[in-house]
């Protein structure tokens, strides 16, 4: 191998290294963009999970309250008091009780 061939080989190798370096830099930028996007998505996911948990908790509280109120209304409709003053006693002639009605009409 003479000097010219050796120089040409080094020049070709140098050109290949420059192309490879450019490809690596492009990959590096792409990975950096993906890492940033991943971080943003993780934060958004965390916030959405917190919001979903909050909504589920609120929904559970509303459901529990509604079930309890429905149960009391059923007892009242069967002719029994649900108020603190006469709880469990039968209402005479299914008369309305203002204390029981106040409990049922609360929101």
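Note that Cβ sites are derived from N, Cα and C of the backbone, with glycine treated the same way.
What Swiss-Prot records for 81, 83, 97, 100 is Zn(2+) binding site. There are 17 other Cβ atoms within 10 Å of the Cβ belonging to residue 83 (Zn(2+) binding site).
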Neighbours of 81, 83, 97, 100 excl. site residues, C-beta within 8 Å of centre, Zn(2+): 76, 82, 85, 86, 87, 91, 98, 99, 101, 103
Least surrounded among the binding-site residues, given as 97, 100, when other CB atoms within 10 Å are counted: 97
Surrounding CB atoms that lie within 10 Å of the CB of residue 81 (Zn(2+) binding site), all protein chains: 18
